Amino acid sequence: MKIIIVNGPNLNLLGNRENNIYGDQSFTEFFKRLEMKFSDHEIFYFQSNIEGEIIDKIQEVGFSYNGIILNAAAYTHTSVGIADAVRAITTPVVEVHISNTFSREDFRHKSYISPHAKGIIVGFGLQSYELAIQSFLEEKL
Ligand code: DQA
């Protein structure tokens with residue numbers, strides 16, 4: 001299985017950013033553990049603070065990979081461009097969020113991506129990513 005995690009703006013600051021909401025682990029540290037845990041599979045990681053770069057990456061992998069795990073962060077709530085990219089591709093997308101966006105401000109309740117996602121995993125901390133990987137692997141059982 002070839003799966004990529006695509007993280008949006010400010011997620012490069014995990015571990016140093018609003019630790020009460022997002023925890024104190026950096027994503028690169030967490031990703032090393034994920035790679036080890038799922039070492040039978042190819043798991044890739046991409047992060048960008050730039051909307052167009054996220055769209056480029058979704059287009060690049062979106063017709064060949066088995067799965068995309070997308071945390072578009074703040075762009076989730078604003079980006080028709082990223083939502084259109086998710087619609088355009090054939091690779092299934094699982095939308096994830098670290099925090100429970102539905103228990104936060106109203107503007108975080110709206111996702112432009114959700115209608116086009118295969119599924120949504122929200123509010124389990126970094127474990128949301130692990131659950132998303134498992135969702136792709138278990139459909140093959
Ligand atoms: C987030 C939730 C978004 O509302 C926020 O803008 C983020 C992170 C999450 O993973 O909880 O940057 O996507």
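Just so you know, glycine gets a Cβ as well, placed from its N, Cα and C.
Predicted, not measured: the structure shown is a model, and the values here were computed from it.
The annotation active site, proton acceptor is assigned in TrEMBL to Tyr22. Among the features that TrEMBL reports, active site, proton donor is placed at His97. The substrate binding site annotation in TrEMBL covers Asn71, His77, Asp84, Ile98, Ser99, Arg108. The site 'Transition state stabilizer' annotation in TrEMBL covers Arg17.
Sequence features, as recorded in TrEMBL, placed on the structure.
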residue: Arg17; record: site 'Transition state stabilizer'; contacts (Cβ under 8 Å, 6+ apart): Asn10
residue: Tyr22; record: active site, proton acceptor; contacts (Cβ under 8 Å, 6+ apart): Leu14, Ile98, Ser99
residue: Asn71; record: substrate binding site; contacts (Cβ under 8 Å, 6+ apart): Ile5, Val6, Asn7, Gly8, Leu11, Glu95, Val96, His97, Ile98, Ser128, Tyr129
residue: His77; record: substrate binding site; contacts (Cβ under 8 Å, 6+ apart): Phe107, Arg108, Lys110, Ser111, Tyr112
residue: Asp84; record: substrate binding site; contacts (Cβ under 8 Å, 6+ apart): none
Protein Cβ atoms within 10 Å of Ser99 (substrate binding site), excluding its own: 18
Contacting recorded positions for ligand 1, chosen from Arg17, Asp84, Ile98 when the Cβ sits under 6 angstroms of any of its atoms: Ile98
Number of other Cβ atoms within 10 Å of the Cβ of Arg108 (substrate binding site) across all protein chains: 16
